[in-house]
Amino acid sequence: MSAEAVRSVSSEKGVSEDGRGEKGSGGKGLSGKGLKAGSVGLIGAVVIGVSCIAPAYTLTAALGPTVAEVGVHLPAIFLVGFIPMLLVALGYRELNNAMPDAGTSFTWASRAFGPWIGWMGGWGLISATIIVLSNLAAVAVDFFYLMLAQLTGNSGLADLSANLPLNIATTLVFIALACWISYRGMETTKTFQYVLVAFQLLVLGWFAVAAFSHVANGTAFDATAITPDWFNPFAVGSFTAFAAGVSLSIFIYWGWDVTLTMNEETKNPEKTPGRAATVTVVVIVVIYMTVALATLAFAGVGETGLGAGNPDNQASIFAVLAGPVMGPFAILMSLAILSSSAASLQSTFVSPARTLLSMGHYRALPKKFGRISPVHKSPSYATIASAVAAAAFYIITRTVSENALWDTITALGMMICFYYGITALACVWYFRAEAFRGIRAFLFKFLAPLVGGVVLLVMFVKTAYDSMDPAYGSGSNVGGLGLVFILGMGVLLLGVVLMFIMYKVQPAFFKGQVLAKSSQVFDPDV
Amino acid sequence: MRYVVGYSANARGRDAVNLAIALARRQNASLDLVMVVPETSPYNVVHPPAAGYQSIVTDQAQLWLAEALALIPADVPAQTHVRKGESEASVLIAAAEELAAGLLVIGAGSRGLFKRFTIGPVASTLLHAATVPVALAPQGYDRTDPITRLTCGVGLRAGAEDVLDVAAAAAGRRKLPLRLVSLVALDGGGAPGGAKGPREHADERLAAAVKGRVFHGVPVELAVAQGRSIEDAVDHLAWEDGEVLLIGSSRLARDNALFLGSTANRILRSLPVPMIVVPRSYKSVGQGRQSIQSEEVNQ
C-alpha cells in the first residue's frame with residue numbers, strides 16, 4: 001500500500017496541439033480549430049455552403065421585400081448584392097486564419113479597434129443572429145400551418161398562422177425545440193444535409209420550370225416579358241431603393257462565407273475552400289436568378305392579386321405563389337421551406353450562443369454567459385439566453401408590426417451590414433502593416449475588405465436614415481418613426497446601454513486587461 | 001491495475017470518482033479520469049463560422065479535471081485526460097482499451113426520484129457495448145473508504161460462470177470477502193406438480209458455483225434472496241455500506257462485450273449499492289487479455 005501519488009494533468013495530442021494558436025495571438029490564447037480534419041470534399045463543402053444559405057427559406061423571406069424596393073430590377077440587385085459580400089468575406093477569411101477564435105467579429109474588432117467597438121461588433125453579430133432566429137421560426141411556423149392545410153385539404157388550417165396568440169405560441173414552441181436540440185449538442189448529419197440541400201434545389205427548380213410553363217401556356221397570372229433592363233442596377237429608381245435592395249441581398253448571401261473559411265476539415269485545404277466557394281456561388285446565383293425571373297415573369301410586379309408587388313404577398317412569397325404555380329405539388333415547396341428553415345433555426349442557435357459564450361469568456365459579459373453544460377459540453381446559459389432574446393424579439397415585433405416578417409428581414413439586412421462593415425474594417429486596420437507587401441496582401445487584407453466594409457457601412461447608414469420614414473418597408477410605424485428604424489436602432493441602442501452597464505459592473509474588459517488591443521501592428525515577419 | 005473514470009463536472013461525475021476511489025483503495029489501482037468533449041462535425045453548419053470554440057470547451061474540461069483531481073486523496077494515484085469524439089460512450093470504451101484499464105467507472109444517472117438507479121444515455125450505451133467491466137455508481141454515492149465486500153450474482157444459465165471467475169480473481173487479489181447470491185422471484189416461478197421449488201434450484205446453483213472453484217483463501221458466503229419479484233428479492237438482501245455487486249452480461253452479448261440483460265436491468269433499478277457488470281467471456285487483466293493495444297499517448 002505504499003503507492004506514491006502520481007499526478008498529472010495532461011491532454012491527448014490532438015487536443016493540446018489544437019489548443020493554442022501561434023499566430024498573432026499576443027499571448028492571450030486565441031485558439032485553434034477543432035473540426036474533424038480532412039473529411040470534406042468539394043461536393044460536401046458546396047452542400048455545406050448551400051445549406052448555410054438555405055436558399056428556399058431565403059428566397060421566400062427576402063424576394064418580396066426586395067421587389068418592394070427595386071421592382072423588376074430584382075435580378076440586378078441580387079447580382080450586385082454579392083459584390084460586397086465577396087469583398088467582406090475575403091477579409092473575414094484573413095482574420096479567421098490569423099486569429100481563429102469563437103468570438104469572431106467581437107474578438108477581431110476588439111483586437112483592431114479596442115474593447116468598445118469590439119463590444120458593439122459582437123453585439124451586432126448577436127443581434128443579427130437573434131433576429132434571424134425569430135424570422136426563421138416565424139417562417140417555419142407559417143409553412144407548418146400551410147403544410148397542414150395542404151395535407152388535410154382544409155385551407156382553414158393555413159389561416160391559423162394569422163391568429164396572433166396561436167402564432168406566437170407556436171413560434172415559441174419552435175424556438176424552444178431548436179434551443180433544446182442545440183443545448184443537447186445534437187448535430188445535423190452529413191446525409192441529412194445532402195438530402196436537405198438536394199430537395200431544396202429540386203423544388204426551387206420545379207417552381208421555376210412550372211412558372212415558365214405557365215407563362216408559355218398563357219396561364220400565368222401576369223405574364224411579363226423579361227428585358228435586359230432587369231439586369232441593370234443603374235436603372236433602379238433611387239439610391240434609397242438601391243441601398244435597401246443591397247442590404248437585403250446581403251442577407252440572401254449570408255452564409256456563403258462559410259465555404260471560404262473551411263480549411264483543415266477539407267480534404268485539400270489548398271484548393272477545396274476556394275473551389276467550393278466558387279461552385280456554391282454559381283449554384284446559388286443560378287437558382288436565385290431562375291427563381292427571381294420565373295417569379296417576375298409569372299406574377300409581374302403588380303400590386304394586386306398574385307403580383308409580386310402586392311404588399312400582402314411580400315412577407316412570404318412562396319406561401320402565396322407555390323399553389324397557383326405548382327398546383328397540388330405546392331406541398332413540396334412547403335416541405336422544402338419548412339425543413340430548410342427548421343434546420344437553419346437549429347444550427348443558427350449555435351452562433352449567437354458561441355459569441356455570447358466567447359464574450360462571457362473574455363469578461364465582456366457576465367461570467368455566467370461563459371458557462372458550459374457539464375453534461376452536453378455546449379454553451380448552457382448563452383444558448384438559453386439566445387432563445388429568450390429571439391422569443392422576446394419575435395413577440396415585440398409581432399405585436400407592434402403590421403407585417404413582422406417583412407420588417408424583421410429589413411432590420412436584419414441592416415444589422416448584417418453593420419457588423420460585417422465593422423469586421424471588414426477591423427481586417428484592414430489589423431493588417432495595416434502588411435497591406436502593401438505584395439499584391440495578394442494588398443487585395444485580400446486591404447483593398448477588398450476596405451471597399452466592402454465602406455460599402456456596407458454606407459448601406460447601413462443610408463438604410464437606417466431612410467427607415468425613419470413611417471412608410472418604409474411594410475409601413476409599420478410607432479409614433480411616426482418607421483418600425484424598421486426602431487427595431488434596428490433600438491437593438492443597437494440597447495447594446496450601447498448594456499455596454500455601459502457592463503463597463504460599470506466589470507470594467508476589466510473595457511480597460512483592455514482581458515483581451516488587449518494588439519499593442520503593436522500585426523506583422524508576421526517579426 | 002488502472003481504472004478509467006468517465007468524468008463529468010456534476011454530481012454524477014463525483015459519484016463516479018467516489019466509487020473509483022473506494023474501489024482503487026481496496027484493489028490498489030490507479031485512476032485515469034477521462035473527460036470527453038464533443039467533436040464538431042463540419043456538416044453541422046455553423047454560421048457565422050467560428051473557429052476556436054472547441055478550445056474553450058477543452059480548456060473548461062481541463063479546468064474541471066484539475067478540480068476533480070484535487071478531490072482525489074493522495075493515496076490514490078490519478079491522472080487526467082481530455083478526449084475528443086462524437087459519442088461519449090465509444091470514446092470511453094476506446095480509452096479503457098487503450099489504457100488497458102480493468103474497469104470503467106461511471107455515475108449511473110441522476111434524475112430518479114424514487115428509484116435508486118436511473119440510467120443516463122451514456123451509461124446505457126456503455127452497458128450495451130463496453131468491452132471492459134463497467135462500474136455504476138448510484139446517485140449520491142459519497143463513500144471513499146475501501147470497499148468491504150464483493151457480492152457476485154449467480155445466474156441461471158450457461159455462461160454464468162464467467163462472472164464467477166472474475167469475482168473469484170478480483171476477491172482473491174486483495175483478500176476481499178466474497179458473497180455469492182442467487183435471486184429468486186417467487187411470482188409465477190417454480191415448476192408445478194411436486195418438482196423442486198425455485199428455492200432448491202437456487203441452492204443447487206450456488207453449490208454448483210462453489211464446487212471445484214478456487215477462491216484463494218477468501219471467505220465465501222452463500223445467500224439466496226427471494227421476493228415477489230427480482231426487485232423485491234434485492235430489497236430483502238442485507239447490504240453492507242461498502243459492498244459492491246458484480247454481475248455478468250446477458251448471453252445476448254457478443255464475446256468480450258457487455259449486454260445488460262433484463263434481469264440485471266431490474267436488479268439495477270432497485271439496488272442500493274454500486275454494481276459492476278462484466279462482459280461476456282471476459283478475462284480479468286492478468287488473465288491473458290489480448291486487446292491491449294498501446295501505451296499512454298501523452299508524453
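Using N, Cα and C of the backbone, Cβ positions are placed for all residues, glycine too.
What TrEMBL says about a protein is an automatic prediction, not a curated fact.
Look at TrEMBL and you will find A:1-32 tagged as region 'Disordered'. According to TrEMBL, the feature compositional bias 'Basic and acidic residues' maps to A:14-25. Per TrEMBL, the feature transmembrane segment maps to A:40-60, A:72-92, A:113-146, A:166-183, A:195-214, A:234-256, A:276-297, A:317-338, A:378-397, A:409-431, A:443-461, A:481-503.
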Cβ contacts under 8 Å made by the transmembrane segment (A:481-503) with residues that lie 6+ beyond its boundaries: 116, 119-120, 123-124, 127, 131, 364-366, 397, 400-401, 407-408, 410-411, 414-415, 418, 463-464, 467-474, 509-510
Spatial neighbours of the transmembrane segment (A:378-397) far in sequence, C-beta under 8 Å, 6+ residues away: 126, 129-131, 133-134, 137-138, 168, 171-172, 175-176, 178-179, 182-185, 349, 352-354, 356-357, 360, 368-372, 404, 407-408, 483, 487
Segment-segment contact (the transmembrane segment (A:195-214); the transmembrane segment (A:443-461)) at 3 or more Cβ pairs under 8 Å: no
Touch test for the transmembrane segment (A:113-146) and the transmembrane segment (A:317-338), at least 3 Cβ pairs under 8 Å: yes
Contact between the transmembrane segment (A:72-92) and the transmembrane segment (A:234-256) (3 or more Cβ pairs under 8 Å, separation 6+): yes
Long-range neighbours of the transmembrane segment (A:443-461), counting only residues six or more past its ends (CB under 8 A): 83-88, 90-91, 93-94, 243, 246-247, 250, 414, 417-418, 420-425, 427-428, 431-432, 434-436
Candidate ranges A:166-183, A:234-256, A:317-338 - greatest C-beta contact count to the transmembrane segment (A:276-297) (under 8 angstroms): A:234-256
Contacting positions for the transmembrane segment (A:166-183) when only residues 6+ beyond its ends and CB under 8 Å are counted: 133-134, 137-138, 140-141, 144-145, 160, 342, 345-347, 349-350, 353, 373, 376, 378, 380, 383-384, 386-387, 390-391, 394-395, 398-399
